[in-house]
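Lifted from TrEMBL, the feature list:
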| type | residues | note |
| --- | --- | --- |
| TRANSMEM | B:20-39 | transmembrane segment |
| TRANSMEM | B:109-131 | transmembrane segment |
| TRANSMEM | B:152-180 | transmembrane segment |
| TRANSMEM | B:200-223 | transmembrane segment |
| TRANSMEM | B:235-256 | transmembrane segment |
| TRANSMEM | B:287-309 | transmembrane segment |
Amino acid sequence: MSEAIIQVRHLTKRIKQKNLVEDLNFDIHRGEILGFLGPNGAGKTTTMRMMLGLTSITEGDVTIGGHSIKTEKEQALERVGGIVENPEMYKFLTGLDNLKHFQRMYRDIPDSRIADVVEMVKLTDAIKNKVKTYSLGMRQRLGIAQALLHSPDVLILDEPTNGLDPSGIRELRDYLKVLASNENIAIFISSHLLSEIEMICDRVLIIQKGKLTDSQVVNETQETQQVVAFEVDQKQKAIEVLGKTFAHLTFTEADEVLLVETDRETIPKLNATLTQHNIKVYGIKGVQKSLEDRFLELTGGNPS
Amino acid sequence: MRGLRLIQNETIKIYKRKVFWIMLIILIAISILWAFIALKTAEDHSHWKQDLQAQNSADSKLEEKADQDMAAITEQKNEMAMNKYRLEHNIKPLYSNTVMGFVDSSTEIASIISIFLVIIGGSIVSQEYSWGTMKMLLIRPIHRWKILLSKFLSVVLIGIAYLMINFIISFIVGLIFFGGDFGSTRFLYEHHNMVQDVSVFFHLLQVYGSHLADIIVITAFAFMISTLFKSNALAIGLSIAIYYGGNLVSVILSAFNEEIPKYIFFLNLGLYDHYVGGGSPLVHTSVTFSACILAVYFILFMLISLLVFEKRDVAE
């Protein structure tokens, strides 16, 4: 993996003896989409606010492109785009005036860049209307536009799917994927709903009560290993037969089916073995053992 | 360079809102009303020399009766000296139904501009919190103190613009209503029992300069309250109360100690009052003293605002 654009070290936020965020350590790399998952109140927003210099850091540090957010805030924020909670804009200004407003806060953003980002978030037709006439989805897109305005290396997005309808969420996801791969941008995205981000994240950090519970949840398992359900007439016999041939795999019996976690190439072999032993196979189905299950296992509760 | 663009941002956020234009319309409306009042209360001043002579002879008769206190006698003497000077140098008094006289009397409207500026300055920080845009503003690669300072400077710019607009409008309204009579171009006032003779334009510059100093200090106060408490209601209410209730505070404090009121910033507002107008409510002070007190308070208000804003966690 490429260089770490963001390094978070021993990041701690303490208010009145209480640790809101405690000793977080992680890196974010270029081209990577890193998910940040945790129940509401776990410390996601506080962490992101510290990374963006909105909230002071009690202990530890965050460096962005090698610049500390504590001591070199101006340089550190030069390469970051962000949305914190809802991207509130100046409602009495037009979308374009809002973008121009933020353009003036950076060095040398050409006007053509504004046209480009507006095009990218598909707001060209409405950009000259006042923001108070915008729908929630349009405001969210304008929020993305302002975050991308200065072609940042990193995007920090706090619950960017809040208030979006399913098609809006899908659009955003597709768009973020393109950004990460085509523009080599690192994206750090938080959510309290795993299902919204699991499809796009390369890795997911899970935070609970201010601490990271598992930083090694990698989403690659979906492609190599998957859980497959076999619907067969004699479950006991099937387990016996398959257990002999495929000793390295574990087979479990569920309600109507037989479950096994395996890779794609093994599935036809398993099927062949079953038919050889005259076990009737009515159906084979891939079951997503999703991050959701692991998230629930790890946090031991309801994610929302 | 980027500093100028920050000020541009902040001024845009002021004048692109309805409030700015409503204030401007109020300002124009008051100016026109003011002209009607001047018309209504206008005295015939075609025989101003005879009027002044008559006044002086009446005053000299009063003076012979020695049963008046010293202050009243001094005042009368000064008035007589001024009238005499006018007659000798052929300088007509600044009647409010002449163009320049109207422009001069319209400077009274500037106290309304102070209130407008307190409203703008007292909400320019807190409204970013209530709009939820503060976080959008502070994740930019710009130090917080620069953002805060650009906000304050843009309020001062708007203040200068309003004062200039007031001057221009009063001039235009004056021309429309009293176009035939331009009025005197000299302005007389009394200082240290001497008649001072200045150009009316220089006098207006000093009146407006004094108002601008007031606006800067009282707005800095509103700005500080707004930054500290994130509440524009508190900032505006407190500033206006101080602006208008100042004299009451002065009376109460003077009863205990003559010295304390001198060091209270809002009692030192109105620098030009040391020369012209009602006079400063403070005894034994000079314009330099008042200016220094205002400067010290101004720096204090700005420092408190900057320090608090620099350290504050933005979390809501």
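Using the three backbone atoms N, Cα and C, a Cβ is placed for every residue, glycine included.
TrEMBL annotations: computationally assigned, not manually curated.
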Q | Surrounding residues of the transmembrane segment (B:200-223) on its own chain - C-beta under 8 Å, 6+ positions past either end | A | 94, 100, 103-104, 107, 110-111, 113-114, 117-118, 120-122, 124-125, 151-152, 155-156, 159-160, 163, 167, 183-187, 189, 235-236, 238-239, 242-243, 265-266, 269-273, 275-276, 291, 294, 297-298, 301-302, 305
(Q) Can you work out which residues elsewhere in the same chain, 6+ from the ends of the transmembrane segment (B:152-180), have a Cβ less than 8 Å from its Cβ atoms? (A) 7, 10-11, 14-15, 20, 23-24, 27-28, 31-32, 34-35, 38-39, 97-103, 106-107, 109-110, 113, 116-117, 120-121, 124, 204, 208, 211-212, 215-216, 219-220, 223, 302, 305
Q: Tally Cβ pairs under 8 Å between the transmembrane segment (B:20-39) and each listed stretch (B:109-131, B:235-256, B:287-309), then give the stretch with the top tally.
A: B:109-131
Q) By Cβ distance under 8 Å, which residues at least 6 away from the ends of the transmembrane segment (B:235-256) in the same chain are close to it? A) 111, 114-115, 118-119, 121-123, 126, 218-219, 221-223, 225-226, 229, 264, 266-267, 269, 281-282
